[in-house]
Amino acid sequence: MLSCARTRTAAATTTCLPAKFQISRRPTTTTTSPRNPSLQTHQSDPLFVGPEDTPSPNNRHYWSEKLRSLCDSHGGVDSALRLLDRLRLLGYRPTSPDLRLVVRALCDSGRPADACRRLLLSLSSGWLPDDRDADAVLSRLIDDPRLGLRALDALVAAKPAYVPSLSNYNRLLDALCTGSLRNEALRVLSDMGARGRSPDAASYTALIDGFCRVGELTKARDLFDEMTTRDIAPNPLTYTMLIKGVLRKRDFEESKALMGKLWENMREEKNPSINNAAFANLISALCKGGIFSEVFRIAEETPQTGSVCESFAYGEMIDSLCRAGHHHGASRIVYLMRKRGLLPSFVSYNYIVHGLSKNGGCMRAYQLFEEGTQFGYSPNEPTYKALVEGLCKEPDIDKAKKLTEFMLATPDKIESTRVYNIFLNALCVLGNPCELLNVLVSMLEKGCSPDVVTLNTVVHGFCKAGWVDEAVKVLNDMLSGKFCAPDVVTFTTAMGGLLNAGRVEEAMALLNERMREARCSPTVVTYNAVLKGLCELGKIDEAMEVFSAMCRERVPPDSMTYTSIIDGLFKAGRVEEAKRFWSEMVRPSGVHDEFVYSAIVRGLCASCGFDEAREFLRGLVDCGASPKIVSYNILVDCACEAGLKREAYWVVGEMRKNGLAPDAVTWRTLEKLRCVGLKSGAAEGAVDRSFVRVGSMGGGGGEGFGGPLSAMARRVFGLPAE
């Protein structure tokens with residue numbers, strides 16, 4: 001009876017166990033070995049939770065589908081790897097597709113290095129993919145040429161009979177050449193032949209392009225000749241890659257001869273995509289090399305006729321010329337097209353008009369705009385903005401108005417209010433508030449309601465032109481409900497205009513009263529505008545009160561806040577307060593940058609002299625800060641103004657020691673030392689020795705430092721030539 005009871009107890013205990021532990025009915029599964037993990041340990045992982053009876057590790061179909069679902073889910077690749085490792089410990093033999101799935105998922109997750117490591121680990125453990133899956137795995141790793149090369153070598157070593165596909169070889173060759181691994185690419189090319197995979201024109205094209213890209217034209221020619229030796233016919237892309245290398249060497253005679261062969265080769269080529277790519281490469285190379293005359297010759301003589309579609313060819317010319325900044329040349333292509341009864345695409349036409357507008361050719365752009373309207377062209381918003389701004393800068397308001405009227409007549413392109421806003425913003429450049437007012441009235445007459453951006457632009461234009469009363473009137477109309485409600489930008493702009501006009505009380509009333517009434521909270525930009533205006537007017541006490549209010553309102557100050565206050569304190573002669581503000585407020589906050597540093601250095605130079613400014617800059621560097629060249633240039637200027645030659649050169653040496661190279665401003669400032677005059681040979685020697693010292697302090701420096709003075713340095717400092 002006791003044995004029967006024990007049997008029933010054991011059975012009941014087994015039945016009460018969770019399903020995930022009920023993998024085997026054998027009693028041995030409940031014992032653990034100190035060396036091998038038990039099934040219970042692995043099956044307790046959440047990845048094994050499933051049906052009542054978890055499939056056996058020998059059920060490859062089930063576990064392969066499980067791996068696939070994990071790999072396909074977002075972020076599930078790590079779970080798939082954990083499951084795979086546990087299954088292998090339980091005797092599961094992964095299939096070739098399992099390896100492909102894992103490598104694909106890792107690459108899709110941006111972890112190609114992990115994918116390569118997983119592949120190498122699998123190969124070393126005897127888990128080999130079949131040829132098809134090996135090609136799939138290799139294709140995912142080729143994007144990184146070093147990883148692709150490691151994967152290829154490992155696959156070939158593990159499977160000596162494996163021969164990668166030609167497309168994988170070609171992709172790897174291209175990636176290696178792009179990654180400046182040309183010698184490895186040559187090794188791969190040799191390996192192709194040794195393994196029975198004959199290279200084709202694409203293989204050699206990738207190599208020729210790689211060597212031409214770094215100027216090794218001789219090696220590129222040798223590869224081109226090798227193609228002929230091996231009876232591999234070069235395609236048009238091969239010719240264009242060689243032409244690009246020849247053009248880099250500025251060998252125009254050879255490039256013309258190669259172009260003649262290219263046109264013949266293109267006529268024989270049956271694949272139009274190869275011809276299109278070759279033509280695009282050629283035009284791009286000519287434009288990048290500045291050989292625009294050859295582009296225009298091709299456009300007029302059209303040697304590519306019959307090989308490349310005309311509209312595609314002209315479109316490539318326009319695109320390449322615009323990318324090279326030659327928008328006038330692109331407009332010439334448009335005239336050639338229209339002369340032959342062709343119309344450019346709206347995208348290409350827009351590209352030209354926009355480029356001309358941004359690069360000082362707005363009158364030519366407007367002419368193209370007028371001509372384009374005849375065949376249905378209408379500029380998009382960025383092009384309209386660039387063109388109307390260019391016309392206002394000319395200034396040619398009449399044309400800008402005509403352009404705006406045209407855009408208003410095509411409301412499907414841009415909303416009318418947006419059209420007006422862009423035009424008003426462009427008019428602000430003129431500083432003519434009458435035009436702003438006229439446009440606003442016209443807008444209202446046409447029933448187009450101005451939004452807050454419209455009115456903010458008008459307020460900004462009025463304040464910029466000095467029409468502060470009119471700006472305040474617009475703000476009052478917004479507050480009274482005549483227009484839309486103002487926002488923080490409206491108040492900030494109006495306060496800036498009032499402070500520029502010296503109307504402090506009105507500006508403070510806006511900040512302290514009317515903004516609160518409008519339930520509009522000032523931002524750090526608002527406070528910065530007020531602080532800057534008050535400090536420029538010398539109202540330091542009022543500025544400090546505003547700063548205190550800013551802190552009470554829990555608006556965190558930025559570097560511009562501190563810069564305005566420090567600059568104002570120094571200009572007001574309150575030097576000790578400025579120093580205390582830096583040490584007690586700015587420095588502990590950690591919110592300080594080059595603007596703050598330069599303001600302090602400038603103030604110390606003006607009020608305390610060179611020595612104290614130098615000590616401040618030294619202290620910054622010792623504390624780990626990195627002042628930029630502006631602060632050093634201010635210090636150099638202070639030394640030069642005081643005639644302190646040695647100190648000026650010391651500052652230049654400190655700049656170099658801290659990793660900064662003197663710029664044009666530095667050298668122009670140092671030229672002031674010429675005004676001091678070199679009255680004796682001893683003075684000349686002192687200057688010469690100072691230059692040597694600058695070079696040694698800078699840790700090497702450039703030409704003329706640490707040795708004899710360069711001719712340029714002697715000319716700048718008025719020293720006689722050697």
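Cβ from N, Cα, C; glycine included.
Residues or ranges marked as compositional bias 'Low complexity' in TrEMBL: 24-38.
What TrEMBL records for 21-56 is region 'Disordered'.
Taking the repeat 'PPR' (165-199) as a whole, pLDDT averages 91 in the prediction. TrEMBL lists 165-199 (among others) with the feature repeat 'PPR'.
Per TrEMBL, repeat 'PPR' is recorded for 200-234 (among others).
Here TrEMBL flags 310-344 (among others) as repeat 'PPR'. Note on the repeat 'PPR' (310-344): residues 276, 279-280, 283-284, 286-288, 290, 292, 295-296, 298-300, 302, 304, 351-352, 355-356, 359, 361, 364, 368, 375 of its chain, located 6 or more positions outside it, place their CB under 8 angstroms from a CB of the stretch.
Among residues of the same chain six or more beyond the repeat 'PPR' (345-379), those with a C-beta under 8 A of the stretch's C-beta atoms are 311, 315, 318-319, 322, 325, 327-328, 330-331, 334, 386-387, 389-391, 393-394, 396, 399, 403, 406-407, 410, 413. Taken from TrEMBL, the feature repeat 'PPR' covers 345-379 (among others).
Residues or ranges marked as repeat 'PPR' by TrEMBL: 416-450 (among others).
What TrEMBL records for 451-485 (among others) is repeat 'PPR'. Taking DSSP states H, G and I as helix and E and B as strand, the repeat 'PPR' (451-485) has 27 helix, 0 strand, 8 coil.
Taken from TrEMBL, the feature repeat 'PPR' covers 487-522 (among others). Beyond the ends of the repeat 'PPR' (487-522), by six or more residues, the same chain brings 452, 455-456, 459-460, 462-464, 466, 468, 471-472, 475, 478-479, 529-530, 532-534, 536-537, 539, 542, 546, 549, 553, 555 to within a C-beta distance below 8 angstroms of the stretch.
For the repeat 'PPR' (523-557), the number of residues in each DSSP class (helix H, G, I; strand E, B; coil) is 26 helix, 0 strand, 9 coil. As annotated by TrEMBL, repeat 'PPR' applies to 523-557 (among others).
Per TrEMBL, the feature repeat 'PPR' maps to 558-588 (among others). Sequence-distant contacts of the repeat 'PPR' (558-588) (same chain, at least 6 residues past either end, Cβ-Cβ under 8 Å): 524, 527-528, 531-532, 534-536, 538, 540, 543-544, 547, 550, 595-596, 599-600, 602-604, 606-608.
Sequence-distant contacts of the repeat 'PPR' (593-627) (same chain, six or more residues past either end, CB-CB distance under 8 Å): 559-560, 562-563, 566-567, 569-571, 573, 575, 578, 582, 586, 634-635, 637-639, 642, 644, 647, 651, 654, 658. Annotated repeat 'PPR' per TrEMBL: 593-627 (among others), in sequence order.
If you look up TrEMBL, you'll see 628-662 (among others) marked as repeat 'PPR'.
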Taking residues 6+ outside the repeat 'PPR' (165-199), which of them lie with a CB under 8 Å of any CB in it? 135, 138-139, 142-146, 148-149, 152, 156, 206-207, 209-211, 213-214, 216, 230, 232
For the repeat 'PPR' (593-627), what are the DSSP-based totals of helix, strand and coil residues? 27 helix, 0 strand, 8 coil
